[in-house]
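Data block below; observations after.
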Amino acid sequence: MVRKSAHKAEWKPGLKLLHMGHQPVLPATKLSGKMDKPLISRRLVDSDSSLAEFPSEAPKVGILGSGDFARSLATRLVGSGLSVVVGSRHPKRMVGLFPSAAKVTFQAEAVGSPEVIFVAVFREHYSSLCGLSDQLAGKILVDVSNPTEQEHLQHRESNAEYLASLFPTCTVVKAFNVISAWTLQAGLRDGNRQVPICSDQPEAKRTVSELAHAMGFTPVDMGSLASAREIEAIPLRLLPGWKVPTILALGLFIFFYTYNFIRDVLQPYVQENKNEFYKLPFSVVNTTPPCVAYVLLSLVYLPGVLAATLQLWRGTKYHRFPDWLDHWLQHRKQIGLLSFFCAALHAVYSVCLPVRISYRYNLVNLAIKQVLTNKSHLWVEENVWRMEIYLSLGVLALGVLSLLAVTSLPSIANSLNWREFNFVQSTLGFVALVLSTLHTLTYGWTRAFEESSYKFYLPPTFTLTLLVPCVVILVKGLFLLPCLSHRLSKIRRGWEKDSAVKFTLPMDHALAQKTSHV
């Protein structure tokens, strides 16, 4: 417990936060509630028109700027037990937008006492702060700005480096630019808590790191201020890990859609003079996502098979995989989620099949044809069983895929240990692939052997989708053989074919396989 001082305490670098174990504790303050709860409350948000007073003993932090990020930052800092003073060009107009515990004043007054000052203004407004050079001398300036993509390409130096050139007597730290205003206000959930920090002064980095800890974030030291350009590029990236998987899924969709169009629409029009172009918006689309989902799911487990084959062939795990295989392994999560998306899309389309007016017309025509042929009971036992099994396997496959997708979420994955996560993603994932294969085979039934199924001499679509999954299942089955599984287990535990080091597996071979994931 820290005793409150009767006089006004200043927050000096290196003396900002007292540590008890690994948790930072603010001097002379007591944090209320948990940091992962929303910080917006009536007590913090409600303000009056007067400039609010704040506890003099709380560590004081300054903010230059009165925009959305500055307001969210002030809310977070106040909720973390810090004393906040905001510098604005129009303090009386902006005071109502900030928490009542934060003091809103002119910029010159705001930078007087705080040792750490957040610069929450755009790059083009940095020069307007040059009049405060004398007051800012020796202070820590935390640059939270982000450039646009055009500005990032246009300027060779980062915003933080430019700010440091304008204020050579200050220590500039780049931090908090990857945190959104919503995260600052609403509190942390299960998103990324990391805050990359860089500066040329280690002491300044330590000061801002302790401040980030007090706010509930996890600081990450990125080195000198030269790393600021890399940090500023992080918010500019738009799903970098999804580019290749998305292109792959889009390419497969175009291929299978074109293939189905040729077989289901173009062939009847050319050879039978039937106009079935009405199938383009729905029927052809509905037959395309399951093909894409099935192939993508097999592509999730194919790189693991290739990696294991390489390790068996080389007799060691210490040789690097080829770059293309390494990148493929890193994109398996995205490929799997896209597979689930296509499977879910197929399920929704299939549920909507009876709603189509074309389906109703065909159903009425079938009923009339049955009446005209004097057939009172139309029932084909084989087709009934095939469809029942087909739908059941499809539902089971989609259910397992849903479980895989859910466990890919950070909030769920973080609650599982490695063995549980590996069981769901690896074992249940392979079960999903087997169920999808049985689902596809049941759909095909005997169609692959019927001459009428080869339209324009093209094989049925499902036969194309079976190629990669069947190879994966076959090779996976071979790896279960004792001669291969035993050797692969030894390699993954460090054994090398050409090494002079003797290596023996533990007596409980099954236990070793379950606990070793090197």
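Even glycines carry a Cβ here, placed using N, Cα and C.
Residues or ranges marked as domain 'Pyrroline-5-carboxylate reductase catalytic N-terminal' by TrEMBL: 60-147.
Per TrEMBL, the feature transmembrane segment maps to 244-262 (among others).
Taken from TrEMBL, the feature transmembrane segment applies to 292-314 (among others).
For 292-435, the entry in TrEMBL reads domain 'Ferric oxidoreductase'.
What TrEMBL records for 335-357 (among others) is transmembrane segment.
The feature transmembrane segment is assigned by TrEMBL to 389-409 (among others).
Tertiary neighbourhood of the transmembrane segment (421-442): same-chain residues 293-294, 297-298, 300-301, 336, 386, 389-390, 393-394, 396-397, 400-401, 403-404, 407-408, 413, 462, 465-466, 469-470, 472-473, 476, 517, selected by CB-CB distance under 8 Å and a gap of 6+ residues from either end. The transmembrane segment annotation in TrEMBL covers 421-442 (among others).
The feature transmembrane segment is assigned by TrEMBL to 462-484 (among others).
Long-range Cβ contacts of the transmembrane segment (389-409) within its own chain (Cβ-Cβ under 8 Å, at least 6 residues beyond either end) map to 190, 293, 297, 333, 336-337, 339-340, 343-344, 347, 416, 421, 424-425, 428-429, 431-432, 435-436, 438-439, 442-443. When the stretches 244-262, 292-314, 335-357 are ranked by Cβ pairs under 8 Å to the transmembrane segment (462-484), first place goes to 292-314. Sorting the domain 'Ferric oxidoreductase' (292-435) by DSSP state (H, G, I as helix; E, B as strand; all else coil) yields 119 helix, 0 strand, 25 coil. Long-range neighbours of the transmembrane segment (244-262) within the same chain, counting only residues 6 or more positions beyond its ends whose Cβ lies under 8 Å from a Cβ of the stretch, are 280, 284-285, 287-289, 291-292, 295-296, 299, 327, 331, 334-335, 338, 342, 455-456, 458, 461, 464. Sequence-distant contacts of the transmembrane segment (335-357) (same chain, at least 6 residues past either end, Cβ-Cβ under 8 Å): 245-246, 248-249, 253, 282, 285-286, 289-290, 292-294, 296-297, 299-300, 394, 397-398, 401-402, 404-405, 408, 429.
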